[in-house]
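Undergrad: According to TrEMBL:
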{"type": "ACT_SITE", "residues": "106", "note": "active site, phosphoserine intermediate"}
{"type": "BINDING", "residues": "32, 33, 34, 35, 36, 37, 38, 39", "note": "ATP binding site"}
{"type": "DOMAIN", "residues": "25-173", "note": "domain 'APS kinase'"}
Ligand SMILES: Nc1ncnc2c1ncn2[C@@H]1O[C@H](COP(=O)(O)OS(=O)(=O)O)[C@@H](OP(=O)(O)O)[C@H]1O
Ligand SMILES: Nc1ncnc2c1ncn2[C@@H]1O[C@H](COP(=O)(O)OP(=O)(O)O)[C@@H](O)[C@H]1O
């Protein structure tokens, strides 16, 4: 596929952009069941980072599937391609010197590992948004679990499509046990402790 295509190095490097921004750049990869709280926590962390003057952007499942990935459905093959493309986009954000927060179910461990391998060692932070299926189903913010139980939606994660739990994520947040604010603080504390952002946790 890529015959006759040569990688073109940019004049301004990732390091130049990081220096100008005054901070590191990385991927905060939120993964978890539908309704576990990926979007809610990612957006709240994004707001906090914004207030701290950190360049960041949220890539959200529903939004990406309206545009870039609107040709993809929810078969295992399409989910893998969904995550691969998002991984490539996330890599571009890291290269641009920004934090990128992604909120996708990303149910397959192998797909998440592929994204990890696209960026450098300290640039991928996997955040497992842990919440029991029963609680996600109770929340059902979009009414999708109800539809899945009624058979109106097929291949729904947690119902008739698998979710592979992260084995050793950088961070786990348990949204059925802790408030949104507590979950956000845990992410920010992690970033401070690892010197991704300045300040004491
Ligand atoms: N079959 C099926 N399974 C799971 N989810 C479904 C399905 N059909 C539609 N939706 C809605 O799509 C959102 C998940 O999209 P993602 O791109 O995050 O999925 S994946 O990572 O490719 O598995 C998911 O959004 P979140 O609730 O934000 O996770 C659902 O709203
Ligand atoms: N600690 C928490 N963290 C995140 N969301 C929570 C928490 N407690 C309750 N919720 C609620 O759970 C729902 C999660 O929905 P959403 O963020 O869209 O999940 P996802 O993006 O994983 O599908 C929201 O209605 C949110 O207000």
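In case you wondered, yes, glycine gets a Cβ from its N, Cα and C as well.
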Undergrad: Specify all same-chain residues, apart from the site residues 32, 33, 34, 35, 36, 37, 38, 39, whose Cβ lies within 8 angstroms of the center of the Cβ atoms of the ATP site, ordered by sequence.
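TA: Other same-chain residues with Cβ inside the cutoff are 103, 105, 129, 131, 136, 175.
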Undergrad: Whole-number Å distance between the CA of residue 33 (ATP binding site) and the CA of residue 106 (active site, phosphoserine intermediate)?
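TA: Roughly 9 Å, rounded to the nearest whole number.
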Undergrad: Of all the recorded positions given, 39, 106, which has the fewest Cβ neighbours within 10 Å once its own Cβ is left out?
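TA: Candidates: the recorded positions 39, 106. Fewest Cβ atoms within 10 Å: 39.
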Undergrad: In the domain 'APS kinase' (25-173), how many residues does DSSP assign to helix, to strand and to coil?
TA: 64 helix, 27 strand, 58 coil
Undergrad: Just to be sure I understand: of 32, 35, 36, 38, 39, which binding-site residues have a C-alpha no more than 10 angstroms from the C-alpha of residue 106 (active site, phosphoserine intermediate)?
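TA: Neighbours among binding-site residues, in sequence order: 32.
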Undergrad: Filter the recorded positions 35, 39, 106 down to those with CB closer than 6 A to an atom of ligand 2; keep them in sequence order.
TA: 35, 39
Undergrad: For each of the binding-site residues (34, 36), count the other CB atoms lying within 10 A of its CB, then report the residue with the highest count.
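TA: Per the Cβ count within 10 Å, the most buried is 36.
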Undergrad: Report the binding-site residues (32, 33, 36, 37) that meet this criterion: Cβ distance to the nearest atom of ligand 1 under 6 Å. Use sequence order and write none if nothing qualifies.
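TA: By the Cβ criterion, which requires under 6 Å to ligand 1, there are no hits.
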Undergrad: State the mean pLDDT for the domain 'APS kinase' (25-173).
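TA: Average per-residue pLDDT within the domain 'APS kinase' (25-173): 97.
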Undergrad: Output, ordered by sequence, the same-chain residues six or more apart from residue 38 (ATP binding site) with a CB under 8 Å from its CB, or 'none'.
TA: 30, 31, 32, 61, 103, 104, 105, 129
